Every structure is written in structure tokens, then in C-alpha cells.
Amino acid sequence: MAVGKFLLGSLLLLSLQLGQGWGPDARGVPVADGEFSSEQVAKAGGTWLGTHRPLARLRRALSGPCQLWSLTLSVAELGLGYASEEKVIFRYCAGSCPRGARTQHGLALARLQGQGRAHGGPCCRPTRYTDVAFLDDRHRWQRLPQLSAAACGCGG
């Protein structure tokens, strides 16, 4: 098990050094400021990581634009029934979305909302996913398809 953890750790470190992973920001905020899509930031090697204070992180995530965020969690914390001491990076989408009508659906929805016939609005959600792999307690690789968000956008 120690060899598996060492290999997985080495692989993660190598991916971070090659710009394939995500690294922490000293301030605990998204590295790129301004209006960027999560795909643009990911292609540029950017980072979205928050602070260790969950409530502050949640407030910041919900008040900012729709973007990709990361949490480092144990596999058990995912709540999917897997036994493993491994840590994985779980990426998710959070933030606000403008109510601008960019599509025919958006135009119709805005009109219906103005009439009080429809409720809600665009929501921040994943537009692309990635698989997550880890070594379980029986030394078997487990692959969880489409577990982690890879890009975010506003939909609805």
C-alpha cells in the first residue's frame, strides 16, 4: 500500500510540475481575476482553490462569477461507499450567473419571468467532467467516471 501511495503521490507531483494539475494559491483565492471561463483558466494553467475556512469559501464562491473550485478530500468523504485512505481532488462549479438572454431559451425565459409565469434563472453547473482514479484499501485501482467537473458554465 505504501508503494501505491508513493507512486500516486509522485504522479500527482509530476502532473503539477508539468502544468497538468492545479496548485494552491498563497492567498487562497482564484489565481485569475476578472471574467474568465473555467476552460480558459484551465488551458492557461490557472488555479481555483479556496481557503481552509468553509463558510468564507462558500460566501466567496457564491458571490463571484460561475467558476471551477477544488477541494482535496479523502475518498470516504465523497460518500460513494469506497474504502480508501487516498486523497482526491474534487472539482465543482459555484458562483453567480448573469440573467442575460444569450439564447432563444434565455429570451423566452426572461419574458416569462417578467410576467411571473416562470421562476429561477441561469445556474452555474459543470459543462464537462473528468474521471477520478484512486487505489482502494484492497490495492485495486478504482475509476469513477465523470466524478469531477472540468469546466463550468451558466445554463438554464
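Glycine residues also receive a Cβ, built from the backbone N, Cα and C atoms like all the rest.
Keep in mind that what you see is a predicted model, and the values were worked out from it rather than measured.
Candidates considered were CYS123, CYS152; Swiss-Prot assigns the disulfide partner of CYS93 as CYS152.
According to Swiss-Prot, CYS66 forms a disulfide bond with CYS124, chosen from CYS123, CYS124.
Cβ contacts within 10 Å of CYS124 (disulfide bond), excluding its own Cβ and spanning all protein chains shown: 24. When each of the disulfide-bonded residues CYS93, CYS97, CYS152, CYS154 is scored by how many other Cβ atoms sit within 10 Å of its Cβ, CYS97 comes out lowest. DSSP gives CYS154 (disulfide bond) a strand state.
Here the C-alpha separation of CYS93 (disulfide bond) and CYS66 (disulfide bond) works out to 7 Å.
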